[in-house]
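Okay, so here's the structure we're looking at.
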Amino acid sequence: MNSENFSLSEKIVSTAYVRQGSQARRGHEHLIRQLLEQGKCPEEGWSESTVELFLSELAVMDSNNFLGNCGVGEREGRVASSLVARRHYRLIHGIGRSGDIAAIQPKAAGSSLLNKLTNSVVLDILKLSGVRSVASCFVVPMATGMSLTLCFLTLRHRRPKARYIVWPRIDQKSCFKAMITAGFEPAVVENVLEGDELRTDLEAVERKIEELGAENILCVHSTTSCFAPRVPDRLEELAAVCAKHNIPHIVNNAYGVQSSKCMHLIQQGARVGRIDAFVQSLDKNFMVPVGGAIIAGFDESFIQEISQMYPGRASASPSLDVLITLLTLGASGYKKLLSERKEIYLFLAQELKSLASAHGERLLHTPHNPISLAMSLDGLQAESDKAVTQLGSMLFTRQVSGARVIPLGKEQTISGHKFRGFMSHCEAYPCPYLNAASAVGIAREDVTLCIKRLDKCLKTLKKEGNAAKSSSPAVFITNADVTDYSLLCEGVSLCEDTRCIQMLLGCI
């Protein structure tokens, strides 16, 4: 209510009580005023009531919520389900206009304000996370892969003769398909093995540029966040190479915002060389539903050019989700999550190292990867050819999500391109291994329970291996114990008799 309505309320309820309510209202309004004035993430998180009041104030600014609105157009923010309307806080018009995702929507002042504020708050968080000199960013309602595609398509207008994208190999399908979808040919550069780590082969990148010709290369497409034993690309050196040859540089920073090391690499790369844009996922870094990403860069005009390439209006849901999240956490809350993630990374490394030692394995030495870890599975491979893939199935059916088991020699064809040793980021990594990651939001309990279940699975497989050597018994898994048949290794039979898998169930 405004001041006039509060004054009128004093005729109905005690003046003292109304003034107390008015003061409480001003407390909410003060927080909202600070956000509008500064455009930064508040240091302390807001209460749900403040967030809901703010969203309600924005919603009533949109034409679909006007009390006397008479809509006669084809797109009037009409929603058939009240449940859907409430889910979106009645912010129905989305963001942008038909020709520009960043443009103000005349029918939706509230949704437009939401969009501008979200981009401003997210920019503040990127600076807080380590990329101090970032100039501009915007939230796009697409996940990382399609957002990379949008960047490549924008560069096409600047480099119309270019056919190739130089890409230090990382075995993740979406970033590869992003280049194919944009109509370019990936020039894959294999990584070099240094100790246990797979690192950028800078000499091979230079050779590839000389071979293809700089004028025929759209950009270098590098990566920060990745699965160990691959580590972040040498961004500073790649940025210098790009500056030297006048080649654009796009960075896939999918879940790198949560890592100060990844963000530092981007900052340093922009300082010593060239980084045109870097793309990061909303869900991985800010714990919101899948469906959004942030495209950011150091040249405001180029980031604006990318936003103008997006055809049509866009969903406001990703912007709404991340704004609600950051207002609720506040800068201090988000920094606390980042600090906790680092602590649990050290805890996970310690626990994996102890477990590996107990089973005759080792934690691979990958100090340049700040998020992901890998444990060798040499002993398991020696027990049985199928034991490595079976471990992955066992962990999945025991509700250990996110752990990746990488066998030797897997081949995968993506859009006509064959990758040998797929998922291990090189053609022939020296050993099979298991991945685990400490990502934002992880808890110590997650690590403890994962290690416990992994330990039991490894013991079970070892016991089975010893039994197989003496009697070669069949291994059975019940239908009820399998949630995804495609994860089962070859040679594993299905059996309705649950007594056949009592030993496996002991891993739960």
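Cβ atoms are placed via backbone N, Cα and C, with glycine included.
Feature list (source: TrEMBL):
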BINDING   R75  pyridoxal 5'-phosphate binding site
BINDING   R97, S98, Q105, R313  substrate binding site
BINDING   R271, R398, K463  tRNA binding site
MOD_RES   K284  N6-(pyridoxal phosphate)lysine
Return only the integer: C-alpha distance in Å from Q105 (substrate binding site) to K463 (tRNA binding site).
65
Residue with minimal Cβ packing [other Cβ atoms within 10 Å] among the binding-site residues R75, R97, R398:
R75
Using the residues the record lists for tRNA (R271, R398, K463), what whole-number Å value is the largest Cα to Cα distance?
55
For the binding-site residues S98, Q105, which one has its C-beta crowded by the most other C-beta atoms within 10 angstroms?
Q105
Work out how many Å separate R271 (tRNA binding site) and R313 (substrate binding site) at their Cα atoms, rounded off.
34
For the recorded substrate site formed by R97, S98, Q105, R313, name the remaining residues of the chain with Cβ within 8 Å of the site's Cβ center, in chain order.
G94, I95, G96, G99, D100, I101, A103, G312
Between R398 (tRNA binding site) and K284 (N6-(pyridoxal phosphate)lysine), what C-alpha distance do you get in Å?
23
Inter-residue C-alpha distance, S98 (substrate binding site) and K463 (tRNA binding site) (nearest angstrom):
63
Same-chain residues at least 6 apart in sequence whose Cβ lies under 8 Å from the residue listed as 'N6-(pyridoxal phosphate)lysine':
S225, A254, Y255, Q258, A439, V440
I'm trying to understand the geometry here, so how far is the Cα atom of R75 (pyridoxal 5'-phosphate binding site) from the Cα atom of R313 (substrate binding site), in Å to the nearest whole number?
11
Listed binding-site residues (R271, R313), ranked by Cβ neighbours within 10 Å, top entry:
R313
